[in-house]
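First up is the structure itself, then whatever we jot down about it.
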Amino acid sequence: MRIILLGAPGAGKGTQAQFIMQQYGIPQISTGDMLRAAVKAGTPLGLEAKKVMDAGQLVSDELIIGLVKERIAQDDCVKGFLLDGFPRTIPQADAMAANGIEIDHVIEIDVPDEEIVKRMSGRRVHSGSGRVYHVVFNPPKVEGKDDVTGEDLSIRPDDEESTVRKRLDIYHEQTKPLVEYYGNVAAQGKTQYNKFDGTQSVAAVSEQLAKVIG
């Protein structure tokens, strides 16, 4: 079961990724975690990546693909894997195909931009404990105050509306073209592509996912 999960930041990919991992017993592979693990393990590719990152440069697609191949050859990927946050661009998707990395399911969690802005910019955090609230979906008892300590809540820089909109712009520019790309791959019978309405409840999306993946 080799799965790619697509969707904008805040679409609920993380929640569904947890469900897929538990349901099917496959690991979630994020490029960030993979890079850190390879660097820590001191593999040849990990050392090469460390050199690039220490110089403040971006790790090349070629190197990332090498790390992906190395990672999916490990024992815990025997049943499959879930790729999260990769590929992000069409050249990366092409490179995966060229390296013989086949994908069974491409899953897109689709949520309109305005809904994502509402979800993310409404988050409030108590920095001392990490407790998270939401002004609409999970408000504190007293506006702007932590329920337990009564201390002020804050907005994380990542959740500022302007930051959320910038991240959405990058997603539409870089990653949205992958939707069309994998739609074409699916039309050729080389993978299955399914889009889910991420504005539904978490349970409803999980149930639909399970039906499609089988």
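Note: Cβ is positioned from N, Cα and C throughout, glycine not excepted.
In Swiss-Prot this protein carries:
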BINDING   G10, A11, G12, K13, G14, T15, R123, V132, Y133, Q200  ATP binding site
REGION    30-59  region 'NMP'
BINDING   T31, R36, Q57, L58, V59, G85, F86, P87, R88, Q92, R156, R167  AMP binding site
REGION    122-159  region 'LID'
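Helix, strand and coil counts under DSSP for the region 'LID' (122-159) come to 3 helix, 10 strand, 25 coil. Note: the region 'NMP' (30-59) comprises 22 helix, 1 strand, 7 coil (DSSP; helix = H, G, I, strand = E, B). Packing around T31 (AMP binding site) is summarised by its Cβ count: 19 other Cβ atoms lie within 10 angstroms of its Cβ, all protein chains included.
Taking each of the binding-site residues G10, G12, G14 in turn and counting other Cβ atoms within 10 Å of its Cβ gives the largest count for G10.
In this structure the alpha carbons, written CA, of R88 (AMP binding site) and G14 (ATP binding site) are 16 Å apart. Candidate binding-site residues: G10, G12, G14, Y133. Nearest to F86 (AMP binding site) by Cα distance: G14.
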